[in-house]
Amino acid sequence: VSQDDAVNQKETLANEVKCLRGELQQVRDDRDRQVSQVQALSAEDTCSSQREQIRILELQLAAANEKLKMTDLSASETRMEYLEQKRIMKELQDRLADMEHKLIDGENLRKKLHNTILELKGNIRVFCRVRPLLPDDGAAAEDAIVSYPTSTESLGRGVDLIQSGQKYPFTFDKVFNHEASQQDVFVEISQLVQSALDGYKVCIFAYGQTGSGKTYTMMGRPEASEQKGLIPRSLEQIFQSSQALQEQGWKYKMQASMLEIYNETIRDLLSNNRSSGSDSTRPENSVSGKQYTIKHDANGNTYVSDLTIVDVSSISEISSLLRQAAQS
């Protein structure tokens, strides 16, 4: 009996094992099927994701191509504008060169016409300036001494002096009455300063007795703008005009010397070796062995030997020299 039970039990166990194996195989088959489904789904998701990425990249590529196209167009337009600007610049440079030539020709013509006008006015002109009466001149009214004719012929050119009831008429190229300003006087001689810059020789001097106003007319009071005389105003005009002409290619070298002739003795007002003594009779021609004599060179230029000559490049340097000369 025990043996039969054991055989039956063995068969039963064998059947169970068989069933379990069948179930195991079915589970394995289900697993493999599920794995295949998961792989298929995963592959499909991957393809979908890749398709989306491809679509995005294609859009980006299209945008980049469009941008590149616009950039090429812009670069082409920029080059066209550059070439146009280059052409315009070349045209302007040619016009500028042409205008510079015309400006130089015009400047040369202006010089000739300016000199012709001054020659027509007279190479030698005499102006008369009447100063106002000063307290020390006496109590007589100026109108009783000086009058100015109003006739068309003598207007602005005549002056009448009255003494003891007798009238003495004088005529000049120009008469400045006692109300004329320093600027009024300078306007009349400023054209001569321009002539000096144009290369012509110019001399301006004041002539008159002591106390007649020569120093005031020529020097004035340089520290007061409205009272500056002919010398500082002329020098300012020289520097202003020379700077303007430098822009046209002219080059100027300025030198200054200042002297006085007192009792036929030449005195160098810029010399550092002037005598400090009060002996006014001492001939200063011989100071430091220098011989101040007036000479003429082969070109007709007049100069004074051994005179101090200073290079100047600005109006401030000239102003300093004027102060030094005034102190001397």
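Glycine is treated like the rest: Cβ placed from N, Cα and C.
What TrEMBL records for this protein:
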BINDING   Gly208, Gln209, Thr210, Gly211, Ser212, Gly213, Lys214, Thr215  ATP binding site
COILED    10-109  coiled coil
COMPBIAS  272-291  compositional bias 'Polar residues'
DOMAIN    123-328  domain 'Kinesin motor'
REGION    272-293  region 'Disordered'
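Each of Ala206 belongs to the same chain as Gly208, Gln209, Thr210, Gly211, Ser212, Gly213, Lys214, Thr215, is absent from that list, and has a C-beta within 8 angstroms of the C-beta centroid marking the ATP site. The average per-residue pLDDT of the prediction over the domain 'Kinesin motor' (123-328) is 84, rounded to a whole number. Cβ neighbours within 10 Å of Lys214 (ATP binding site), excluding its own Cβ and spanning all shown chains: 17.
Counted within 10 Å of its Cβ, the other Cβ atoms near Ser212 (ATP binding site) come to 14, all protein chains included. Thr210 (ATP binding site) is surrounded by 5 other CB atoms, counting those within 10 A of its CB over all protein chains shown. All chains included, 11 other C-beta atoms sit within 10 angstroms of the C-beta of Gly211 (ATP binding site). Counting only residues at least six positions away in the same chain, the Cβ atoms of Arg129, Arg131 sit under 8 Å from the Cβ of Gly213 (ATP binding site).
Taking the binding-site residues Gln209, Thr215 in turn, the residue surrounded by the fewest other Cβ atoms inside 10 Å of its Cβ turns out to be Gln209.
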